[in-house]
């Protein structure tokens, strides 16, 4: 027993519900008392029925089964600890997830001990736990102790009668729904009526038919359990309605009676039972402004029109408005007459408030409550529309506070925020109701004056705004002086759309800032801003080079034959201290115009070569680095000497360096360019013709200049899977390069489909965001470490028979797939023509089955494009569409091989597809034969 208790304590902590099995002498009272208090354990006793029954009485019904068998288990012949321990482990293992139910409890209240004994013996045979009480008082006390599932109550007892005991029991919370069965020899009508009035569930006449008693008790217990289940479901429904703020209602149209759920009453703001229950009483609660709309919606639903589905308002008795969403379904009889209507009403007041709040946050500045930039643009667009209609003008002011940063730094952000609020108030007070004052964020404001075109009126308004800042702002008892710089532009002279007007007003405001502040400037086309920006940017470039603000990022390249990294392209980035990371497109052209491209280009080449040398020393000796050169460098310095010097300084082998030149660089002074490139080539550096096909492409250049690599521009790669011209040009470039013993690199690869197509046409190297975006040296080093010895792009295993299924209806795709499930095909499927092009680029597909009626393009249009892109495919159209002219035309032009109608015969379809594969192999050979030629 001690071993069993240790095991029980250990398992009880880990299992949610346990069954503990006793047998024979182990079920003694002292062993039972030693059990741990585990409320979730059910104890099962094997042994003499008399002993088991006693334990059941003494231990609150936790003993749930008795006898020599349980679930087909025979107790061990020998009462050995090991046998019992093994059985216990088996029981615990099997019971961890089993639902353990205690025996139902029956309370017998009768002053006749013989009756109690007979009732106990009768009911315990059915597995029920029976408790006894000798009179009404002890019976009421026993109810509190045992919480019975059913009470058998004698009518005639000394002291309190059974009728009175029944009434008192019904007052107890636990007895409101517990069945009470009266045991009585009184069969007159008055006694029966009195029993039911006292709260009895049923009665059984004495002398008792014991078999009938068993069946009656079992039936009542089942009915009670069903009633409790319904109660639980009703409670769950009520809780769900309360949580979701959804009330339900039912309208009996013939009787004009309406029943509401409790949540319906709450939503309508009335107490249950205190309000009339017909259609008109609900209609009276609808907001008067929405009442006609509700009546019309109900009327339409009753006339078999649209279902009742409407958002409207309720006006509660206290004057509160509540937004609700009502839905209802009408039930019609066989004659089509509406007989009832069931529906729901959801309280959406909070949702409406949230939507209003979201709209406010999206259109108003949270601090100043002024319109923000989003609403300003909308107001400006409205003003422009009105001005066009009336041949009128608009004045736009852009205003920025002078010295606001000083206020924030000196007094803190709380004072700064208070100042902005007071500025907003003054600005609003200085304009007309038709004007708009907006806060653009921070200390920047904008004002729109529709219809303000007269010069004197414009000047007067601008001076009025400047004058608002003459007086100090009082914030937390402090007098704070700030001024404003104002930019002014006029519609239509300075711009005819929102974007231009906003930009020009901002430009004029910055001009005012630079002119000394506390003033205004009208926008002028020639403000010298471009010159200032040019000088400012040139100076910034010099500072950036001196202060090491430039960084080199590297975009890796992948060799499609090996699938491994084979090189990188060096790309410059400007890490500006104020403006963050600046892309080269912003400053390279300026660097070329200013001549800064030479020192910047030298820095990039030196940095990239030093990094490549470091990678070589780390064991990445198959990584070359490509650097872009500009025409300015060739015309202003000896590039060959520069390259030799940098290679010597960094110790990098020449074959690791690749220089990229654009086609446009070859046009001017081609003789000197040819000489320079020959000198560079003699060093051992690889030369690449960049952006081939986008400039003045000439085959003569490929023959004349010593290029090793052709780089295919991203403009061809972008639509390579869907545009037959781009695909054909790219394929031609690759074939031409191979005939000239040159390699090809494709840039701008962004999808797996593009990668698959380039691999299929034998392009040598690819780069693009699909493989990796440009990253810094540390990140690329980590990338190389992770991929060392492993292919980045694994080689594709080519199935011999591949079908592509295209249909915008998923169930059709499923039916087609089932038809071919035992044919051994690789099946690709999609509902989108765009995705189908990607799949065709990624996989070697032999047969295509396409639906004719597709949303973006028809099946014949799709297959016609496929014919141009993938002429080796067998293309089949599938349609239930009766108009066949376009299909027949596509067949005549060779875009379609076969045509099948819906629904199809599976066996016939399978036979035709087998024939299609044989036809494809006859024309183009089997896929594995194609691979052997690679």
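One is the number of the first residue shown, and numbering goes on along the chain from there.
Cβ coordinates come from backbone N, Cα and C, glycine included.
The structure displayed is predicted, hence computed values, not measured ones.
What TrEMBL says about this one:
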{"type": "DOMAIN", "residues": "105-221", "note": "domain 'Response regulatory'"}
{"type": "MOD_RES", "residues": "154", "note": "4-aspartylphosphate"}
{"type": "DOMAIN", "residues": "308-360", "note": "domain 'PAC'"}
{"type": "DOMAIN", "residues": "392-525", "note": "domain 'GGDEF'"}
{"type": "DOMAIN", "residues": "534-788", "note": "domain 'EAL'"}
{"type": "DOMAIN", "residues": "802-917", "note": "domain 'Response regulatory'"}
{"type": "MOD_RES", "residues": "851", "note": "4-aspartylphosphate"}
The number of other Cβ atoms within 10 Å of the Cβ of residue 154 (4-aspartylphosphate), counted over all protein chains shown, is 24
One finds that other Cβ atoms within 10 Å of the Cβ of residue 851 (4-aspartylphosphate) number exactly 24
Over the domain 'Response regulatory' (105-221) the mean pLDDT stands at 85
Residue 851 (4-aspartylphosphate) to residue 154 (4-aspartylphosphate), Cα to Cα, whole Å, comes out at 79
DSSP says residue 851 (4-aspartylphosphate), in three-state terms, is strand
Summed over the domain 'Response regulatory' (802-917), the DSSP helix, strand and coil counts are 51 helix, 25 strand, 40 coil
What DSSP reports for the domain 'Response regulatory' (105-221) is 56 helix, 24 strand, 37 coil
